[in-house]
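**Q** Here's a structure for you.
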(Lines of atoms letter the chains of each structure in order from A and count residues from 1; the text may use other names and numbers.)
(Lines give C-alpha, C1' and ligand atoms only; values in the text may rest on other atoms or scores of the structure.)
Protein backbone atom coordinates (compact mmCIF):
# COMPACT_ATOMS: atom_id res chain seq x y z
CA UNK A 1 0.00 0.00 0.00
CA UNK A 2 2.89 2.30 0.68
CA UNK A 3 4.01 2.61 -2.92
CA UNK A 4 0.49 3.58 -3.96
CA UNK A 5 0.31 6.46 -1.46
CA UNK A 6 3.69 7.76 -2.56
CA UNK A 7 2.57 7.83 -6.17
CA UNK A 8 -0.61 9.70 -5.28
CA UNK A 9 1.30 12.32 -3.30
CA UNK A 10 3.71 12.86 -6.16
CA UNK A 11 0.84 13.28 -8.64
CA UNK A 12 -0.87 15.86 -6.43
CA UNK A 13 2.37 17.74 -6.04
CA UNK A 14 2.84 17.84 -9.76
CA UNK A 15 -0.70 19.15 -10.20
CA UNK A 16 -0.10 21.88 -7.65
CA UNK A 17 3.11 22.93 -9.31
CA UNK A 18 1.40 22.93 -12.69
CA UNK A 19 -1.47 24.94 -11.28
CA UNK A 20 0.97 27.46 -9.85
CA UNK A 21 2.65 27.77 -13.20
CA UNK A 22 -0.65 28.36 -14.96
CA UNK A 23 -1.91 30.94 -12.45
CA UNK A 24 1.32 32.88 -12.27
CA UNK A 25 0.81 36.56 -12.92
CA UNK A 26 1.88 37.64 -16.38
CA UNK A 27 4.31 40.47 -16.94
CA UNK A 28 2.70 43.89 -17.29
CA UNK A 29 1.95 44.83 -20.93
CA UNK A 30 4.07 47.36 -22.73
CA UNK A 31 2.89 50.93 -22.39
CA UNK A 32 0.82 52.16 -25.40
CA UNK A 33 2.65 54.30 -27.93
CA UNK A 34 2.25 58.03 -27.43
CA UNK A 35 -0.58 59.57 -29.44
CA UNK A 36 0.37 61.95 -32.23
CA UNK A 37 -1.31 65.29 -31.74
CA UNK A 38 -2.34 67.41 -34.72
CA UNK A 39 -1.10 70.99 -34.86
CA UNK A 40 -3.63 73.62 -33.89
CA UNK A 41 -3.41 75.18 -37.37
CA UNK A 42 -4.62 71.94 -38.99
CA UNK A 43 -7.46 71.59 -36.47
CA UNK A 44 -8.65 75.15 -37.06
CA UNK A 45 -8.47 74.70 -40.82
CA UNK A 46 -10.87 71.74 -40.72
CA UNK A 47 -13.11 72.92 -37.89
CA UNK A 48 -16.53 74.32 -38.64
CA UNK A 49 -16.70 78.06 -38.22
CA UNK A 50 -19.42 80.25 -36.77
CA UNK A 51 -19.65 83.99 -37.29
CA UNK A 52 -20.92 86.17 -34.47
CA UNK A 53 -22.68 88.95 -36.35
CA UNK A 54 -22.44 92.48 -35.10
CA UNK A 55 -25.46 94.66 -34.55
CA UNK A 56 -24.12 97.42 -36.81
CA UNK A 57 -21.80 97.14 -39.82
CA UNK A 58 -21.81 100.85 -40.60
CA UNK A 59 -18.14 101.24 -39.61
CA UNK A 60 -16.84 98.35 -41.76
CA UNK A 61 -13.90 99.28 -43.98
CA UNK A 62 -11.84 97.38 -46.52
CA UNK A 63 -8.90 95.50 -45.02
CA UNK A 64 -6.84 96.20 -48.15
CA UNK A 65 -7.37 99.89 -48.94
CA UNK A 66 -8.78 101.00 -45.56
CA UNK A 67 -11.73 102.79 -47.15
CA UNK A 68 -15.32 102.32 -46.09
CA UNK A 69 -16.73 103.92 -49.24
CA UNK A 70 -18.59 102.05 -52.00
CA UNK A 71 -20.50 99.97 -49.46
CA UNK A 72 -22.32 98.14 -52.27
CA UNK A 73 -18.95 96.63 -53.28
CA UNK A 74 -17.86 95.61 -49.76
CA UNK A 75 -17.83 91.87 -49.11
CA UNK A 76 -17.90 90.41 -45.60
CA UNK A 77 -15.95 87.23 -44.97
CA UNK A 78 -18.20 84.58 -43.44
CA UNK A 79 -15.34 83.35 -41.26
CA UNK A 80 -13.37 86.35 -39.97
CA UNK A 81 -16.20 88.89 -40.49
CA UNK A 82 -13.80 91.40 -42.08
CA UNK A 83 -14.62 93.56 -45.08
CA UNK A 84 -13.00 93.63 -48.53
CA UNK A 85 -13.78 95.59 -51.67
CA UNK A 86 -14.52 93.35 -54.66
CA UNK A 87 -11.76 95.05 -56.65
CA UNK A 88 -9.25 94.95 -53.78
CA UNK A 89 -9.42 91.18 -53.28
CA UNK A 90 -6.87 89.04 -55.10
CA UNK A 91 -8.07 87.53 -57.37
CA UNK A 92 -10.73 90.17 -58.06
CA UNK A 93 -14.34 89.19 -57.31
CA UNK A 94 -16.44 90.17 -60.33
CA UNK A 95 -19.88 89.99 -58.69
CA UNK A 96 -21.45 89.73 -55.25
CA UNK A 97 -21.57 86.03 -54.27
CA UNK A 98 -25.02 84.53 -53.76
CA UNK A 99 -23.93 82.10 -51.06
CA UNK A 100 -21.20 82.22 -48.41
CA UNK A 101 -17.85 83.85 -49.19
CA UNK A 102 -14.41 83.50 -47.59
CA UNK A 103 -11.53 85.92 -47.97
CA UNK A 104 -8.26 84.58 -49.45
CA UNK A 105 -6.71 84.14 -46.00
CA UNK A 106 -9.64 82.18 -44.56
CA UNK A 107 -10.24 80.10 -47.67
CA UNK A 108 -6.89 78.40 -47.16
CA UNK A 109 -5.95 78.42 -50.83
CA UNK A 110 -3.32 75.83 -51.50
CA UNK A 111 -0.23 76.36 -53.60
CA UNK A 112 -0.67 74.94 -57.08
CA UNK A 113 1.46 71.82 -57.20
CA UNK A 114 3.14 70.31 -60.23
CA UNK A 115 2.13 66.83 -61.32
CA UNK A 116 4.39 64.04 -62.52
CA UNK A 117 4.38 62.82 -66.11
CA UNK A 118 2.48 59.66 -65.24
CA UNK A 119 -0.20 61.59 -63.34
CA UNK A 120 -0.62 64.02 -66.24
CA UNK A 121 -1.08 61.16 -68.73
CA UNK A 122 -3.61 59.48 -66.43
CA UNK A 123 -5.39 62.77 -65.73
CA UNK A 124 -6.12 63.38 -69.41
CA UNK A 125 -6.54 59.68 -70.25
CA UNK A 126 -4.10 60.04 -73.15
CA UNK A 127 -4.18 57.21 -75.66
CA UNK A 128 -0.95 55.86 -77.11
CA UNK A 129 -0.64 56.18 -80.87
CA UNK A 130 2.00 54.18 -82.74
CA UNK A 131 1.57 55.67 -86.18
CA UNK A 132 2.75 59.17 -86.97
CA UNK A 133 0.08 61.54 -88.21
CA UNK A 134 0.22 64.91 -89.85
CA UNK A 135 -0.76 67.40 -87.17
CA UNK A 136 -0.53 70.53 -89.30
CA UNK A 137 -2.61 69.58 -92.32
CA UNK A 138 -6.23 70.65 -92.40
CA UNK A 139 -9.13 69.28 -94.44
CA UNK A 140 -8.86 72.41 -96.59
CA UNK A 141 -5.22 71.61 -97.44
CA UNK A 142 -6.16 68.04 -98.39
CA UNK A 143 -8.87 69.23 -100.76
CA UNK A 144 -6.38 71.47 -102.59
CA UNK A 145 -4.79 68.39 -104.17
CA UNK A 146 -8.07 66.84 -105.32
CA UNK A 147 -9.08 66.96 -108.95
CA UNK A 148 -12.33 68.76 -109.57
CA UNK A 149 -14.69 67.95 -112.39
CA UNK A 150 -17.67 69.78 -113.80
CA UNK A 151 -18.32 73.43 -114.44
CA UNK A 152 -16.62 76.13 -112.38
CA UNK A 153 -19.03 78.03 -110.15
CA UNK A 154 -17.99 81.31 -108.56
CA UNK A 155 -19.30 81.87 -105.06
CA UNK A 156 -18.45 83.98 -102.03
CA UNK A 157 -15.46 82.62 -100.17
CA UNK A 158 -16.31 81.48 -96.65
CA UNK A 159 -13.75 81.41 -93.87
CA UNK A 160 -13.06 77.92 -92.55
CA UNK A 161 -11.90 76.74 -89.16
CA UNK A 162 -8.23 75.80 -88.91
CA UNK A 163 -6.91 73.04 -86.64
CA UNK A 164 -4.49 74.16 -83.95
CA UNK A 165 -0.80 73.33 -84.39
CA UNK A 166 0.61 71.67 -81.27
CA UNK A 167 4.19 72.16 -80.08
CA UNK A 168 6.75 69.83 -81.63
CA UNK A 169 8.65 69.24 -78.38
CA UNK A 170 6.97 66.49 -76.29
CA UNK A 171 8.40 68.01 -73.09
CA UNK A 172 6.79 71.33 -73.95
CA UNK A 173 3.42 69.68 -74.58
CA UNK A 174 3.73 67.88 -71.24
CA UNK A 175 4.39 71.21 -69.53
CA UNK A 176 1.33 72.74 -71.17
CA UNK A 177 -0.92 69.88 -70.10
CA UNK A 178 0.63 69.98 -66.63
CA UNK A 179 -0.44 73.59 -66.08
CA UNK A 180 -4.02 72.72 -67.03
CA UNK A 181 -4.06 69.60 -64.84
CA UNK A 182 -2.75 71.59 -61.85
CA UNK A 183 -5.38 74.31 -62.31
CA UNK A 184 -8.23 71.81 -62.59
CA UNK A 185 -6.92 69.89 -59.58
CA UNK A 186 -6.73 73.10 -57.56
CA UNK A 187 -10.42 73.73 -58.27
CA UNK A 188 -11.24 70.06 -57.57
CA UNK A 189 -12.47 69.58 -61.13
CA UNK A 190 -12.26 66.64 -63.52
CA UNK A 191 -11.03 67.00 -67.08
CA UNK A 192 -13.68 66.57 -69.75
CA UNK A 193 -13.58 67.47 -73.45
CA UNK A 194 -17.28 66.68 -73.90
CA UNK A 195 -20.60 68.02 -72.74
CA UNK A 196 -21.82 66.00 -69.76
CA UNK A 197 -25.42 65.08 -69.06
CA UNK A 198 -25.74 64.16 -65.37
CA UNK A 199 -28.77 62.84 -63.54
CA UNK A 200 -30.88 65.57 -61.99
CA UNK A 201 -29.89 68.04 -64.72
CA UNK A 202 -30.95 68.53 -68.33
CA UNK A 203 -31.06 65.32 -70.41
CA UNK A 204 -29.30 65.10 -73.76
CA UNK A 205 -32.66 65.11 -75.52
CA UNK A 206 -33.12 68.72 -74.34
CA UNK A 207 -30.09 69.88 -76.33
CA UNK A 208 -31.66 70.39 -79.74
CA UNK A 209 -30.62 73.28 -81.96
CA UNK A 210 -34.12 73.53 -83.44
CA UNK A 211 -35.30 74.97 -80.11
CA UNK A 212 -33.05 78.03 -80.55
CA UNK A 213 -35.01 81.24 -80.96
CA UNK A 214 -34.25 82.63 -84.40
CA UNK A 215 -32.35 79.49 -85.43
CA UNK A 216 -28.69 78.51 -85.06
CA UNK A 217 -25.95 78.40 -87.68
CA UNK A 218 -24.99 74.91 -88.80
CA UNK A 219 -21.36 73.80 -88.72
CA UNK A 220 -20.28 72.78 -92.22
CA UNK A 221 -19.01 69.32 -93.09
CA UNK A 222 -15.49 70.68 -93.62
CA UNK A 223 -15.45 72.38 -90.22
CA UNK A 224 -16.77 69.20 -88.57
CA UNK A 225 -13.76 67.39 -90.05
CA UNK A 226 -11.49 70.04 -88.49
CA UNK A 227 -13.27 69.64 -85.15
CA UNK A 228 -12.86 65.85 -85.18
CA UNK A 229 -9.20 66.22 -86.16
CA UNK A 230 -8.55 68.48 -83.16
CA UNK A 231 -10.38 66.11 -80.82
CA UNK A 232 -8.31 63.17 -82.07
CA UNK A 233 -5.12 65.15 -81.53
CA UNK A 234 -6.07 65.96 -77.94
CA UNK A 235 -6.81 62.31 -77.19
CA UNK A 236 -3.26 61.31 -78.13
CA UNK A 237 -1.66 64.21 -76.21
CA UNK A 238 -1.20 66.74 -79.03
CA UNK A 239 -2.78 69.64 -77.17
CA UNK A 240 -3.11 73.26 -78.37
CA UNK A 241 -0.07 75.43 -77.52
CA UNK A 242 -1.57 77.01 -74.40
CA UNK A 243 -0.41 77.52 -70.81
CA UNK A 244 -2.63 78.07 -67.76
CA UNK A 245 -0.96 80.79 -65.68
CA UNK A 246 -2.13 82.08 -62.30
CA UNK A 247 -2.37 85.87 -62.04
CA UNK A 248 -2.70 87.52 -58.63
CA UNK A 249 -5.38 89.91 -59.93
CA UNK A 250 -7.24 87.85 -62.54
CA UNK A 251 -6.82 84.36 -61.12
CA UNK A 252 -6.20 81.55 -63.60
CA UNK A 253 -5.54 82.81 -67.13
CA UNK A 254 -4.52 81.26 -70.47
CA UNK A 255 -1.48 82.31 -72.50
CA UNK A 256 -0.38 81.28 -75.97
CA UNK A 257 2.76 79.13 -75.88
CA UNK A 258 3.21 79.34 -79.63
CA UNK A 259 1.95 81.16 -82.69
CA UNK A 260 -1.80 80.78 -83.26
CA UNK A 261 -3.27 81.79 -86.62
CA UNK A 262 -6.51 83.64 -87.21
CA UNK A 263 -9.61 81.36 -87.32
CA UNK A 264 -7.81 78.58 -85.43
CA UNK A 265 -10.02 76.28 -83.36
CA UNK A 266 -8.87 76.66 -79.74
CA UNK A 267 -11.26 74.62 -77.61
CA UNK A 268 -14.85 73.55 -77.11
CA UNK A 269 -16.59 74.90 -74.03
CA UNK A 270 -17.46 71.83 -71.95
CA UNK A 271 -19.04 70.98 -68.61
CA UNK A 272 -22.36 69.84 -67.17
CA UNK A 273 -25.45 70.81 -69.19
CA UNK A 274 -28.32 72.14 -67.10
CA UNK A 275 -31.44 74.27 -67.43
CA UNK A 276 -30.94 77.98 -66.80
CA UNK A 277 -33.83 77.94 -64.33
CA UNK A 278 -31.87 75.54 -62.12
CA UNK A 279 -28.87 77.88 -62.00
CA UNK A 280 -30.51 81.20 -61.22
CA UNK A 281 -29.02 81.19 -57.70
CA UNK A 282 -25.71 79.52 -58.58
CA UNK A 283 -22.35 81.06 -57.67
CA UNK A 284 -20.46 79.46 -60.56
CA UNK A 285 -18.81 82.38 -62.40
CA UNK A 286 -18.06 80.45 -65.61
CA UNK A 287 -21.48 79.40 -66.88
CA UNK A 288 -21.87 79.59 -70.65
CA UNK A 289 -25.11 79.92 -72.61
CA UNK A 290 -25.73 76.82 -74.73
CA UNK A 291 -29.32 77.25 -75.91
CA UNK A 292 -31.63 80.27 -75.86
CA UNK A 293 -35.01 78.70 -76.52
CA UNK A 294 -38.27 80.40 -77.39
CA UNK A 295 -39.61 78.82 -74.22
CA UNK A 296 -37.30 80.14 -71.43
CA UNK A 297 -37.86 76.97 -69.41
CA UNK A 298 -36.00 75.03 -72.13
CA UNK A 299 -32.92 77.29 -72.25
CA UNK A 300 -29.65 75.57 -71.36
CA UNK A 301 -26.28 76.54 -69.90
CA UNK A 302 -22.89 74.81 -69.61
CA UNK A 303 -21.66 74.66 -66.01
CA UNK A 304 -17.90 73.93 -65.69
CA UNK A 305 -17.87 73.74 -61.90
CA UNK A 306 -17.22 69.98 -61.53
CA UNK A 307 -15.70 69.09 -64.91
CA UNK A 308 -14.38 71.03 -67.87
CA UNK A 309 -11.31 71.89 -69.94
CA UNK A 310 -9.03 74.84 -70.72
CA UNK A 311 -11.91 76.95 -72.08
CA UNK A 312 -13.03 77.52 -68.49
CA UNK A 313 -9.87 79.58 -67.75
CA UNK A 314 -9.84 81.95 -70.76
CA UNK A 315 -10.32 85.54 -69.57
CA UNK A 316 -13.04 88.01 -70.50
CA UNK A 317 -12.63 91.58 -71.68
CA UNK A 318 -13.86 94.65 -69.81
CA UNK A 319 -16.92 95.89 -71.70
CA UNK A 320 -16.75 99.27 -69.94
CA UNK A 321 -13.32 100.47 -71.13
CA UNK A 322 -11.95 101.53 -74.50
CA UNK A 323 -9.05 99.08 -74.25
CA UNK A 324 -11.33 96.11 -73.63
CA UNK A 325 -12.06 95.43 -77.29
CA UNK A 326 -8.38 95.85 -78.19
CA UNK A 327 -7.47 92.91 -75.95
CA UNK A 328 -9.96 90.56 -77.56
CA UNK A 329 -8.27 87.91 -79.71
CA UNK A 330 -10.88 85.11 -79.51
CA UNK A 331 -14.60 84.78 -79.98
CA UNK A 332 -17.22 82.44 -78.64
CA UNK A 333 -19.47 80.94 -81.32
CA UNK A 334 -22.43 78.57 -81.07
CA UNK A 335 -23.07 76.01 -83.78
CA UNK A 336 -25.50 73.24 -84.55
CA UNK A 337 -23.50 70.03 -84.90
CA UNK A 338 -25.59 67.04 -85.96
CA UNK A 339 -28.64 68.77 -84.53
CA UNK A 340 -27.10 69.54 -81.12
CA UNK A 341 -25.88 72.88 -79.77
CA UNK A 342 -22.14 73.24 -79.25
CA UNK A 343 -19.97 76.18 -78.16
CA UNK A 344 -16.48 76.78 -79.61
CA UNK A 345 -13.70 79.28 -78.96
CA UNK A 346 -11.97 80.48 -82.13
CA UNK A 347 -9.08 82.91 -82.70
CA UNK A 348 -10.21 86.19 -84.30
CA UNK A 349 -6.70 87.27 -85.29
CA UNK A 350 -3.13 86.03 -85.20
CA UNK A 351 -2.03 85.48 -81.59
CA UNK A 352 1.66 85.75 -80.69
CA UNK A 353 3.48 83.56 -78.20
CA UNK A 354 3.14 84.93 -74.66
CA UNK A 355 -0.09 86.79 -75.44
CA UNK A 356 -2.99 86.26 -73.05
CA UNK A 357 -6.27 85.02 -74.49
CA UNK A 358 -9.42 87.16 -74.13
CA UNK A 359 -12.95 87.01 -75.48
CA UNK A 360 -16.24 88.83 -74.85
CA UNK A 361 -18.24 87.17 -72.08
CA UNK A 362 -21.27 89.18 -73.22
CA UNK A 363 -21.17 88.14 -76.86
CA UNK A 364 -24.79 86.93 -76.83
CA UNK A 365 -26.29 88.41 -73.68
CA UNK A 366 -25.32 91.44 -71.61
CA UNK A 367 -25.71 89.59 -68.33
CA UNK A 368 -22.12 89.24 -67.09
CA UNK A 369 -20.67 92.06 -64.93
CA UNK A 370 -17.25 93.00 -66.32
CA UNK A 371 -16.72 96.47 -64.84
CA UNK A 372 -14.06 95.11 -62.46
CA UNK A 373 -12.13 93.22 -65.14
CA UNK A 374 -8.56 94.31 -65.76
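Start at 1 and count along the chain as shown; that gives each residue its number.
Glycine residues also receive a Cβ, built from the backbone N, Cα and C atoms like all the rest.
Found this in Swiss-Prot, in case it helps:
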- 216, 334, 364, 365: substrate binding site (BINDING)
- 250, 251, 252, 312, 313, 314, 315, 316, 368, 374: S-adenosyl-L-methionine binding site (BINDING)
- 240-362: domain 'SET' (DOMAIN)
- 16-38: region 'Disordered' (REGION)
- 1-46: transit peptide (TRANSIT)
- 59-109: zinc finger (ZN_FING)
**Q** Could you say whether, by DSSP, residue 252 (S-adenosyl-L-methionine binding site) belongs to a helix, a strand or a coil region?
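**A** The residue in question, residue 252 (S-adenosyl-L-methionine binding site), is strand (DSSP, three-state).
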**Q** Based on DSSP, name the secondary structure state of residue 334 (substrate binding site): helix, strand or coil.
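**A** Looking at the DSSP assignment, residue 334 (substrate binding site) belongs to a strand.
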**Q** Do you know offhand how many angstrom separate residue 334 (substrate binding site) and residue 315 (S-adenosyl-L-methionine binding site) by C-alpha?
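**A** Approximately 18 Å lies between the Cα of residue 334 (substrate binding site) and that of residue 315 (S-adenosyl-L-methionine binding site).
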**Q** Any idea what the Cα distance is from residue 216 (substrate binding site) over to residue 250 (S-adenosyl-L-methionine binding site), rounded to a whole Å?
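**A** The separation of the Cα atoms works out to 32 Å.
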**Q** According to DSSP, folded down to helix, strand and coil, what is residue 315 (S-adenosyl-L-methionine binding site)?
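**A** SS state of residue 315 (S-adenosyl-L-methionine binding site) = strand.
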**Q** Might you list, by sequence position, any residue in that chain lying six or more from residue 252 (S-adenosyl-L-methionine binding site) with a Cβ less than 8 Å away from its Cβ?
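**A** Same-chain residues close to residue 252 (S-adenosyl-L-methionine binding site) (Cβ under 8 Å, separated by 6 or more) are 183, 244, 245, 246, 313.
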**Q** Sort the residues of the domain 'SET' (240-362) into helix, strand and coil with DSSP and give the three counts.
**A** 15 helix, 56 strand, 52 coil
**Q** Including all protein chains shown, what's the count of other C-beta atoms within 10 A of the C-beta of residue 315 (S-adenosyl-L-methionine binding site)?
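**A** Cβ-Cβ neighbours of residue 315 (S-adenosyl-L-methionine binding site) within 10 Å number 21.
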